[in-house]
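Asker: Mind looking over this structure? Questions follow.
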Amino acid sequence: MEQQLQQLKEEALTKIQDASTVKELNDVRVAYLGKKGPITDLLKGMGKLPAEERPKMGALVNVVREVVTESLEARMTLLEEEAINAQLAKEAIDVTLPGRPIQTGNHHPLTRVVEEIEDFFISMGYEIAEGPEVEKDYYNFEALNLPKGHPARDMQDSFYISEEVLLRTHTSPVQARTMEAKGGEAIKIICPGKVYRRDNDDATHSHQFTQIEGLVVGENIKMSDLKGTLDLFAKKMFGADREIRLRPSFFPFTEPSVEMDISCFKCGGDGCNVCKKTGWIEILGAGMVHPNVLQMAGYDPAAVTGFAFGMGPERIAMLKNGVEDIRHFYTNDVRFISQFHRSEA
Amino acid sequence: MLVSTKWLNEYVNINGINPADLAEKITRSGIEVDSIIDRSHGMTNVVVGYVKECVKHPEADKLNICQVDVGEETTQIICGAPNIAQGQKVIVARPGAVLPGGMKIKKAKLRGEESNGMICSLQELGIEGKLVAKAYAEGIYVLPQDTIPGENALPLLGLDDTVLEFDLTPNRSDALSMLGVAYEVGAILSQGIALPKIDFTESAEKAEDKLKLRVDAPADNPMYVAKVVKNIKVAESPLWLQNYLMAAGVRPHNNVVDITNYVLMEYGQPLHAFDYDRLGTGEIVVRHAEEGEKITTLDDTERTLNSHNLVITNGKEPVAIAGVMGGANSEVHNGTTTVVIESAYFAPASVRQTSKEVGLRSDASTRFEKGVDPNRVQEAAERAAQLMAELAGGEVLSGSVIVDELDKTAERITISPDYINSRLGMKISMDDMLSILERLKIPTEAINGQLVIEAPTRRQDLRIKEDIIEEVARMYGYDEIPKTLPVSESTPGGLTPYQAKRRIVRQFLEGAGLYQAITYSLTSKEQSQAYALETAPVTELLMPMSEERSILRQSLIPHLLDATTYNVARRIDSVALYETGSVFLGEEEDGLPREVEHVAAVLTGKWVDHAWQGETKKVDFFVMKGIVEGMMERLGLLDGLAFEQAAIDGMHPGRTANIFLNGERIGLVGQIHPTEQKKRDLKETYVMELNLERILSVDTDELLYAPVPRFPSISRDIALVVDSGTSAGTLEAIIRKAGGKLLKDVKLFDLYEGNNVEEGKKSLAFSMTYFDPERTLTDEEVVKAHEKVLNALTNDADAQLRG
């Protein structure tokens, strides 16, 4: 019987090693260790043995059973691992295949500039004011110290609808309307919007374009306040190490009037193509609100003062993003607009 | 304004100042210098030559072989100019010279004959053709006989000069003259300036005996000065005068005309010279034109005048349009001997209107339009008379013939230094202010701590205190202004709810995959009302630049379709664009149209494009509808939203819906009509447009959270067969109504027509979710509710239940 047991063990161990799948191995388990298997049979047959041999044989059977079980389990672990590996190998993918695109659009480059400017000034306590694009001559010109026949009206050839109505040539009428509506109260506003001028569309002109202006009116508003405000704005918009300089200029609605240059953000002021070798880039026009403008809107120029500034988002986008032709902004070529998909902190 | 630094140097000493540095100083203190033009263009080896001999080239009809004395030698040069002749003094570019435009002069052979240089025209030296006197416009330039062969030709021609091009703002008309520029530069450099000395002998004959003057329109012509110069010899001007004119951008004609132009540039006072004999009447009458009166101007164009145009007449007929252009009938010509010099003040508005109407803008009209200096009208006439005596051999008759009602008093401005400093945020001392005003030659007195200023009439831009603040600040330097921030009550700032929601709409649409477009507001008549949600009278331009941009749009869709066609034509097959912008409706009581902000979108091509995993989807109605629904959901407006089949011009009749919000029509969505698509070279294209203003102005409830369900919900699916014409919306409405409170959600999950479904019928499958937030529903309750739904579907929609 002992010999039989040894033989059984050898046989089982061989079959275990021969099993190449989990299923085959399970068959071996059932065949040898199952309730109907030979080892169980041997245990059942123990009763026929003399009582003194029983413990010895019992121990022997258990040893065999343990050896077989151990072997089986080891083999099982191995086979399971192989099976998983096979499965994983089968599941392998080409990770260089393209991902499923998340198709999103983006802001028009001009909106991007406008919102950046809006957000800066909102953080400084400004509100956003808007107004009609078809405007009265009064708000577009007269209330801004540009009476009929004023030579400066030549600067802005306009699209008239009737003698008294035109497409606004700047967003300044929103300032005039806001002042009129506020009836003497302090004002801090930003006015973005579309404007129109009688220009032939070419690389640097567009009959429709955008403007964004700012207006601050209150007691004791000084030219130094304008300079400080614009300096912060330039640093936010064009980089912390930007310097600004003001140059005298002329706008009928401000006096004194200035133009603001920033030190070139491309070359830092050494001179390059962007700044046309001057080191400076003209960014905006500004000035102290003309007393006539304040007066016409119902403010007392002796008691309150104000400053105003205005700029062209097209120009800023052209400078910042290297766009060479203003018409790109109005062609709506997806290959152009989609380049402004990236966010910039 | 072109400012020759060589000319400027006659009034203010700028010797030794680099033109670029000067330009920078001028720009920083008030007048923008647009460009710095080196008139020499770096040329060398350009000398005076004497044509000793000139014979025809044996091998070429148009060429001449010239022996030219160039000082150090006599050399052979081939010249093809028609006006070359023996005995001329000419400009020779010698071998080694590099001319503007890059032409390098080398020894060469032309048809077998040696040529050692080039005889030049002025154009070849970089002077614009339109500035070259007519006599030399088609050939080489001939120098005066007193020039010396071998002499450097550049100084002779005034090309050793740098010109500063000013970009003048409309207020600085004072700088439209060399003297005005001299005042400015003198102030910048803290230097005095030398004004021209006017000194000439008058003949015994009196001007007023020779010429009668009457002004019938004193409002438009408050001052008129006429001087008479006789025994004039009309000839070419001396070279220096021609050079200055060309540097200033003016073409030389003859000495008389050139002198008037020279004084115009020097004083900023336009002058006109009449041929006295051609006037014919010995009389000048200034009046308004008769309606329809005609005049042929110096440019040989006949012009018809209106009754508000001011004209100079000889008492019978117009001889000039005042301040704009002279008449051909009284033009100075080679045989002119007696000249009437006109110097006048014409009202800016009158000249402006007339010059606009007749379509003529001249150096004269631009100055009159801005208002010339009342105190220079007389002086300019004297200056011209002096030059005609000096340069044209004229005899100036004594005195002037004058009509003068012009106010020449200076504006008086009183301002305190504190006021200036408080507006600037600076602390400039009164002494510094006085010194600045002194540099600017603005007469100022300090009286009781106030600055009392007499604004010179040459500075028409100095009227109010703020103008003085600007003068002080720009001369003190804007760099000196400190940087501060407004001190005021702090305000929160921010977007209005409307503005914030508009940003949400944009973000949503971009998140959904659309790019933001910005199209033109102006459109054609044909497109102005196409697809409009609401039409009203159109808003039309008085003077459009083209038919294509003549009317304001009433819908955003046409231009979005244009943009789509543009992209598709460039092989971008899938286009997804949206725009927010105004449409312009009718005329309101205040004369302005109603501007309503809309949002619109266009889709064509593929919506999902992920082909290698088998995921591609063309855009269709439901993609666009989903975008609309998603957007409204984001705005909290999904509940009141409804879509109804609609027939709209230009839209597919079976694939278009009107959109309603709480019963009010707010927009449309659908496919463009196939005929329209074809016209625009588009494939299946879907659009939507919504009245954004309407949507964003709806007040929505505060967002209050509903408790997260604690009890399970129960789902039941049903499949129905109904008539093909029964809409899913109708069925859903029936289900919702019948389902009552327990029915939480209804979702269509299948739609089928075809095999196994009877002709004229379709099959729809809905999934319904029943739920009670307070407790777990029993089967019984669900069955009861569900049965109600099934009954309602059978009764109200004639629906049959499938399997």
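Quick reminder: no glycine exception, Cβ is built from N, Cα and C everywhere.
Note that TrEMBL annotation is computational and uncurated.
The feature Mg(2+) binding site is assigned by TrEMBL to B:ASP461, B:ASP467, B:GLU470, B:GLU471. Residues annotated as domain 'TRNA-binding' in TrEMBL: B:40-154. For B:408-483, the entry in TrEMBL reads domain 'B5'. What TrEMBL records for B:709-802 is domain 'FDX-ACB'.
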Asker: With Cβ-Cβ distance below 8 Å and at least 6 positions apart along the chain, what are the contacts of B:GLU471 (Mg(2+) binding site)? List them in sequence order.
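Answerer: B:ILE436, B:LEU437, B:LEU440, B:ILE442, B:LEU462 - these are the non-local Cβ neighbours of B:GLU471 (Mg(2+) binding site), listed in sequence order.
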Asker: For the binding-site residues listed here (B:ASP461, B:ASP467, B:GLU470), tell me which residue's CB has the most neighbouring CB atoms inside 10 Å.
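Answerer: The residue with the densest Cβ neighbourhood is B:GLU470.
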Asker: For the domain 'B5' (B:408-483), report the average pLDDT of the model, please.
Answerer: 95
Asker: DSSP on the domain 'B5' (B:408-483): how many residues come out helix, how many strand, how many coil?
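Answerer: Residue counts in helix, strand and coil order: 33 helix, 15 strand, 28 coil.
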Asker: Using DSSP, what is the helix/strand/coil residue split across the domain 'FDX-ACB' (B:709-802)?
Answerer: 34 helix, 32 strand, 28 coil
Asker: Looking only at the domain 'TRNA-binding' (B:40-154), how are its residues distributed among DSSP helix, strand and coil?
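Answerer: Residue counts for the domain 'TRNA-binding' (B:40-154) by secondary structure: 11 helix, 46 strand, 58 coil.
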